[in-house]
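Undergrad: So TrEMBL lists the following for this protein:
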DOMAIN    3-95  domain 'GIY-YIG'
REGION    85-162  region 'Disordered'
COMPBIAS  103-127  compositional bias 'Basic and acidic residues'
COMPBIAS  148-160  compositional bias 'Polar residues'
REGION    176-219  region 'Disordered'
COMPBIAS  191-203  compositional bias 'Basic and acidic residues'
């Protein structure tokens, strides 16, 4: 099965803020386009304003996931934005929930407003957002891959190649690790509940056998 597109993360190395995006092109091509937009004075997106303020050299891009359909790509983008809390101005530059429409829901607009006023989301708000990204909101829920499709997907993710088909050097691996370590991680300083830790452990176990190395580029 051919790869449809990729989910990527752009990180500001100065303050750790991130932007999650998707592309059907290569990561390198999309990165070049982002830098081109950042140089255009007419562009006022939060990400591009930050890139002009801190300098393009202060940003790098990481390939997070690969998808085999538009529905899967949209679903992965929504989940990545939620995981990294990148719609929160304190942690990221995303202005929408992601996915095909890229629209702000009523809850999203409320959450952005609250974040600017210094208010924290209620437990009920967090619960509703979490539920909105589980099961019924997924564009691929209920769809099953054939045995042949699963085999192709498995083979496509084997080995040390990812995104552009390049093998990762030790330097690349070290750079990826440093990119999300300690204070560089968007969630640095946050305290997690025992329930959240358990869910994260379970998620890591599920992904362990499927995980593939990512490839990172600087400016």
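Using the three backbone atoms N, Cα and C, a Cβ is placed for every residue, glycine included.
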Undergrad: Can you tell me the mean pLDDT for the domain 'GIY-YIG' (3-95)?
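TA: Taking every residue in the domain 'GIY-YIG' (3-95) and averaging pLDDT yields 95.
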Undergrad: Over the span of the domain 'GIY-YIG' (3-95), count residues by DSSP class, listing helix, strand and coil in order.
TA: 40 helix, 24 strand, 29 coil
